[in-house]
Every structure is written in C-alpha cells, then in structure tokens.
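Note sheet for the following structure.
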Amino acid sequence: MEDFVRQCFNPMIVELAEKTMKEYGENLKIETNKFAAICTHLEVCFMYSDFHFINEQGESTIVELGDPNALLKHRFEIIEGRDRTMAWTVVNSICNTTGAEKPKFLPDLYDYKENRFIEIGVTRREVHIYYLEKANKIKSEKTHIHIFSFTGEEMATKTDYTLDEESRARIKTRLFTIRQEMASRGLWDSFRQSERGEETIEERFEITGTMRKLADQSLPPNFSSLENFRAYVDGFEPNGYIEGKLSQMSKEVNARIEPFLKTTPRPLRLPNGPPCSQRSKFLLMDALKLSIEDPSHEGEGIPLYDAIKCMRTFFGWKEPNVVKPHEKGINPNYLLSWRQVLAELQDIENEEKIPKTKNMKKTSHLKWALGENMAPEKVDFDDCKDIGDLKQYDSDEPELRSLASWIQNEFNKACELTDSSWIELDEIGEDVAPIEHIASMRRNYFTSEVSHCRATEYIMKGVYINTALLNASCAAMDDFQLIPMISKCRTKEGRRKTNLYGFIIKGRSHLRNDTDVVNFVSMEFSLTBPRLEPHKWEKYCVLEIGDMLLRSAIGQVSRPMFLYVRTNGTSKIKMKWGMEMRRCLLQSLQQIESMIEAESSVKEKDMTKEFFENKSETWPIGESPKGVEESSIGKVCRTLLAKSVFNSLYASPQLEGFSAESRKLLLIVQALRDNLEPGTFDLGGLYEAIEECLINDPWVLLNASWFNSFLTHALR
C-alpha cells in the first residue's frame, strides 16, 4: 500500500501526509491504510479549492491553470494539511476578519464567497452514515459539511453542494480512479474495511467485556463500532434525509413529505367483473381419494401398481357423460380421453406382467387435449427480419375478475384437521445446532400440531405430483405418459394408507430452458357437483363417471362421482419449486419460533412448553371485518402453514407484486399504530402499484380483501 501511495499521489501531498501522521504519533509503515486515507483527503481538499477564485466584484469565477488573470483572490482558504498551530492561527485570523463563529474542531476549508467553514469527508462507507457521524461530532450548524464517496455518491448540508457540477465530477472521477487502481492491486478490500467512524468525545454509559463484544457483533452492516451506530441513530432525521436524497436524484424531483394520519389511507379497490376461477395445478378441498389401507400387493410403491390397486376398490363406475362443459374446449375429446385411460388400464390388467410405466396411444383426442402441433412453428429471426409487417402476437389485456367466496372456503378448509397424518416427525430434518434440545422440542410440538392438517396433505400431494411429472418429462420426452396422482399417509391407528386422486397425462416435454412449458391433462376424482359454483370451474370440463356409496347418519347414501378434466401446463422451474413445497413447513415453523422468542424474552425464560401446552391462551390468527380473530396455538400454526402453502400453490407475478407493494403500505400503517408519526410522498403512486396487481388471481384478491379488513380495524 505504501508503494502505491507514493506512486499514485503528488509528492507534496505525500510529504504533508507523512508530517500529519508524525504529528499524531502514527507509524505510516504500520498504518498504511490511514496513510492512503490522509493522502486522498488532502487531494480532495486541494481539488475542491483548485481553479476557484473571486473577482473584484466579489463574484465566484473558475480560472484554469496558466491563465494570465490568475491574480484574482482565491475563493477557498485551505486549512487542512497545515500543522495544528498554523492551522488554528489561520482559523483565528479568518474569524477576526470575517466575524465568523470559531469552530470547535479544525475545519478543512474556508469559503470566502459563502463566508463559511467547510468540513470535507471522504468515505468508503455509505455517505449518509459518514455525514451523520461528522454532524454529530461537529454539532455546529455554521460549519458546512460535504461528503464524497468512492462510489460517486455525495452528500452536503441542506443539499447545497457549493461547487459547480463539473468541479465535483472531477473529484468523483479521481476517487473512482483511486479505487480502481487499488482494486487492480488487491488493496481495495483491506482499505474499504479499515475505515473507522468519527470519534465523539462524550461521557456515555460504558459497555465492556463480553457485552461489548456482543454489541459490536450485532451491529447492522456498514457500522464498524457501537459508537458509529450511536452517532448515526442520535443524528438521524429520517424525513429530512429522504427529502435530501430525493433532491439529489434529479432537479425535477420535488417530493413533499406528507403526514400519514388515521384518515389518510383508503381501502384498496378490488376489481369488478365475473367471479374468479380455480387455477391451482390440482384440486384442493374438492379432491376425492380412492384409498387402500396397509398396502401389501405385488409391486407396492410402484405408482402404476398402486393406482390399479386403488381403482379396484371402487365398483360404482358407469358410462361417463359431460355434466359441465368447458366453454371453449372440444368436450367430447375430454370424454374420449377418460375412456382411453380406462381402456388402457384394463389392457394392462389383462397383461401377464404389469409394466412400471404406461405410455398412452397418441390418439387424435389426446393430441388435441395436449396441444400437440398447436404451437406456431418457430422461425429463426435472421430468416424473417426483412419481412415488413413482422410483429409480435397481439395479446389481450387479462379480463378483470372479482373476488369469489370459494377461495376463502378453500383457505378455511386448508387450515382444518384431517383424520390422517401426512408427515413423519423427521420430515423437517435433523438438528445440527448446539441448542438441539429446545429446537427438537419446538419442532416436535409444531409437527404434532400440523401433521394432520389439510395444508400438509397439499404439500405432500404437490411434492409427489411435481416430482413424478418432472421425472417423466425428462425420461420420456416424446411420450404421452400416464402419471397417477398419489399420496401416502397414516390413519389414526397408525396404519399406512395409499391414496389415488386421479391421473395426469403428460404431453411432449423437450424442456431446454427453465421456462419451457410441458402441457398435461389432469383427470381428478371429486364428489363436488360443479353446477353449484360453475364460475369456479370455468377452466374444467366435468364428467359424471360413477356413483359412490357413502356412510351417513341415516345409513348408506349414493352420491354421484365426478371427474374434473382440464388441460394445464407447467415448467421445469415451477416443478422444481413444487418439489420443494416442504419448505412451507420450515417457513411457518420459523414464524412460530419468532413468536416463542418474543414471549421468552419478556418472561426471561424459554416459553416453548407453556406456549404449546397452555390451552386456555389465545393468539392473533388474522384479520376479518369483525377485527382481530384469535384462536388456539394449534390453529395459529395451521393458519400460518396454510398461508405459506397457498403462496406456493397460487404463486404468480400478481402475488409477487402485491406482496412487495402492499408490504410498504402495511409498514406505514404499523408505524402509525406505534405512534412513530410516519410521513409519505406519492401515496397515490403506491396505491396504483398495489392495485395494478389486483387483476384476476383468486389468492391475491383474497389477500387484498384481508388487507382491507386490517386497514378498517387498525385505524379505528
């Protein structure tokens, strides 16, 4: 570093830096980063002053080197770089002549035009952090502060930058060059990390020993010590800082910070239009399972064998017919596709040896359902760029849809308990952390609360379907493979159970890129009559395929069995995330853990046991028009899990946008509730950003409706 400094800086600057370090008793052979920092600071001070003069009329003027008119008065007096005695003599002389207030600390420059002292800062960290440290140290409104960073950022008192843009650009370019030169020699990282904050001489409560070490380790990024952080917090005025930042961005930006009051926010505007429809990749609350208990058949565990065994448990099959047609589809083709599945399964049963996989015959109705040969032919751009009217497809704006009650019912159902267990205790993974006892205890309590939850069934169903579909897409790219939709669970008595929900037929799947689409037809059993909520089933063709005998209070009753058929599609990246759905368990466990931690810190002991075993205690579970809903800890666990699962099942750009933008409004409202007097600018723009995500997605519309309930009672 020392060699670099001597090569990079003017010998006069190097000499001054050496003197300064000597004066403060510092060894430049050891403190090489400090040596470089002093040289940089000196150079910036000199560049700040260079070429700036005041003419006889007292006006500021810029004169380049070698100009014959250079007999003008220098605009800036340089104080930095002089020995301390001389520097204070200059400062005293300026104060006597101009009547300026004497500063407590030695400044770097004096500006004869603006009649003020200037403190120059050069930082390797965030400019605003360094600015606030300087301001906190100086504690004088009379000294003007101007901070530069090596990334081209700057900050000055009241955003008054003193110099013209070109002069400041020259300084920024030089700093950037120094950074590049250091980086090319591998010196930058060490230099960047070595910066210490301004030291303020103030009596404070002293923290020492272990607590001091912990405090230093717990600081946010960019803070090198507890003192820096204290200085930053003490001097921070958020609204003024934001206004300053905005005015730095552009001359046109003129943001006024408006106070955010209880009367300020309005509810989100939900779209009008036909009710939204189901868009999940598989049926949720409406799914029906054909099950076998204690499976021990030949080939148990091979999906096709399991599926055939499950199909044999049902005897009420009948000639299928369409009860709810798909508005835009060729419904007879869906009917023929189901018939083909039944016929080909029958063929397998007639064979001596059941195969492990089944590829369907490529019939015309299956080709239609799977979109075979429907995609427009791709042509290389170079072959058609000369065509005059070449244009992209006109795509229609998505039709606005209104919130329908079925999505709230779906969510409520996902929070409920089933009579089966869907995960084993070790599904979340073994602990490796040192606090294993508490971690295991929390995990076991949580698992017992959610193992029977319907949302957990959706996780295991999603993992199975996505894994099977991705495997088939890679292993049988050209085939229309039949994939059973299967899940496994344990009954209350602990018996194993294999369930069949229906079938998927996969289309051609030459998936080169993550976003390339594989089409599939899903055929799922259900007892739900689609004519009760036809809007929910807009994308489906529904067949009646049999009658099922069900036990009820009045004896056995016969109910029609339906098959929900639709064409759908997914991609490698979506299947990859579908396979990772178990993460939802982890996410909701972490949310519960943070609740336990908050409770434990108040009571100053681990509250895990009390948290889960105190059945009389209720916890906030969500918002409704009535206010905050509360429930048992088990219900809280299941609700958090269901939210996480629905975020995965209904993942979409609309959800991403809504979550990111509505969070900003949520934080503002929370700040208001905490009496932090939040200020906002362009609140209308934030509402616009949130509402442009409210189009037709059922889960997003439900979340927006919940958000409105929250706004209503949060601001009472």
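Using the three backbone atoms N, Cα and C, a Cβ is placed for every residue, glycine included.
Mn(2+) 1 binds Asp108, Glu119, Ile120 as Swiss-Prot records it, and from the list His41, His297, His326 the residue named for this site is His41. As annotated in Swiss-Prot, motif 'Nuclear localization signal 1 (NLS1)' covers the listed stretch 124-139 rather than the other ranges in 124-139, 332-347, 444-459, 668-683. Separation of the C-alpha atoms of Glu80 (Mn(2+) 2 binding site) and Asp108 (Mn(2+) 1 binding site): 5 Å, rounded to the nearest whole number.
Non-local neighbourhood of His41 (Mn(2+) 1 binding site): Glu80, Asp108, Ile120, Val122, each in the same chain, at least six residues away, with C-beta under 8 Å from its C-beta.
Report note: the Mn(2+) 1 site is defined by His41, Asp108, Glu119, Ile120, and the residues of the same chain whose CB lies within 8 Å of the CB centroid of those residues, excluding them, are Val44, Cys45, Glu80, Pro107, Leu109, Ile118, Gly121, Val122, His146. Of all Cβ atoms in the protein chains displayed, 22 besides its own lie within 10 Å of the Cβ of Glu80 (Mn(2+) 2 binding site).
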